[in-house]
Amino acid sequence: MFHSFLKWPILFWNITSINSNDTYYNKWQVIYSILLMTSCIYNFYITPKTVCVLEGNCDHSLSTEIKGIFIRIVAISCLISRLMIFIKGKTQLIQYEKYVEKMHVITPMTNSEIQILKKISTLLIICCILLTIPPNSLRVWDLSFRSDFTMFVYIFMYIQNLSMYFVETHFVTLCFILYQKLVGINKDLMALKIDTVIRNNYPFMTQTQEKYGKINNTLDYNKDILHSLATGHPMTDIVEQLKSKHKLVRDAVRTLNDLFGVHMGLSICVLCLCTMFDIYYFIIGILSLSNYKRIFYLWILQYTVRFGSITIISHLTTKQANKSKILITDINNRYLDYNIKDELLLFFDQMCNSEFEFTACDFFSLNSRLITSTVAAGTSYLIILLQLHYIKQ
């Protein structure tokens, strides 16, 4: 499995994300989860007092109310997310790993896939650390001169935010593994399509491999499949194998939705609200001071990277699954043996009868359209907040 070559990322997620199979890390997860959820409850309870101390008064202005909402949103989201992951994380992750193991038995990962996965997982963790610790440390440093409890409230809030980001990196990596599997399936299907086209164009040739040299080099396909077909390997066996792999990928997607659906929904909502509130504070002047500007830009960059990584990898994976349908349709439209056509139709029906998409608790799909919808909705609510602010002034 990918544990053998993702040693330090797996170690990182064992500590910060999903329950591990290791008893030692399970004990740590229990302690970590209890402390994290306790900090969430504390922040939720102490928020009104914190805002009053920071503002110097409790005038119940719009900006003051939003500060209270801001802290409580992060606290309640982290609490629910950690609770759900703590309850069902281990069993669902084991189920996901079983599906991936079965795919590796059918088709082991290539060296290039392993190297790409290593780079992606490492990059995600490095970005997570660089985009969260520096701006949050600067903000805590600005609060360090205070002798009251407010600094601890913000430290807890940043730890809760960081905890949610850790889980997001885990989800993106597991999703990317499925993306690689679908890319491999589509390469195999492209090879079947090429072989079918050549056999249709040159029906009297016994060895189609002689014509493979004329294939467009820009096409991305599996040459091993063409070699197997040229040596007489039945196409029905290959199609049946691809059908089994595709079903395993869909089952793994369903498991990820069940495991991370609540967390992804909460993360998307928190990221959108945090971005909107920070922009609101910046426009009305609270974060426009020179020492806050750099923190503001780093926060916005962090939210953008997190939101983009979740939606883009989910969209690309779904797009690869839809590409499989197109390739099967193209192959099936050629002159083929009835047995092959039956297998292709079964494959196509299998994909059509079950939806393939990443969702946040089935409330909304994680795809590129979510980006445009969020920008439009966020802009509208931001304008409303600004209007309310200036009306009260």
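In case you wondered, yes, glycine gets a Cβ from its N, Cα and C as well.
Among the features that TrEMBL reports, signal peptide is placed at 1-20.
TrEMBL lists 30-46 (among others) with the feature transmembrane segment.
The transmembrane segment annotation in TrEMBL covers 66-87 (among others). Listed as Cβ neighbours of the transmembrane segment (66-87) (distance under 8 Å, sequence separation of 6 or more from its ends, same chain) are residues 17-19, 29-30, 33, 36-37, 39-41, 43-44, 47-48, 50-51, 54-55, 153, 156-157, 160-161, 163-164, 167, 259, 262-263, 266-267, 269-270, 273-274, 277, 280-281, 385.
What TrEMBL records for 116-133 (among others) is transmembrane segment.
Marked as transmembrane segment by TrEMBL: 153-179 (among others).
The transmembrane segment annotation in TrEMBL covers 260-283 (among others).
Under the heading transmembrane segment, TrEMBL lists 295-316 (among others).
Among the features that TrEMBL reports, transmembrane segment is placed at 370-391 (among others).
Same-chain residues lying 6 or more positions outside the transmembrane segment (116-133) and placing a CB less than 8 Å from one of its CB atoms are 2, 5-6, 9, 12, 109, 158, 161-162, 165-166, 168-169, 172-173, 176-177, 180, 298, 301-302, 305-306, 309. Within the chain carrying the transmembrane segment (30-46), a Cβ under 8 angstroms from the stretch's Cβ atoms is held by residues 15-16, 71-72, 74-76, 78-79, 82-83, 86, 149, 153, 156-157, 159-160, 163, all 6 or more beyond its ends.
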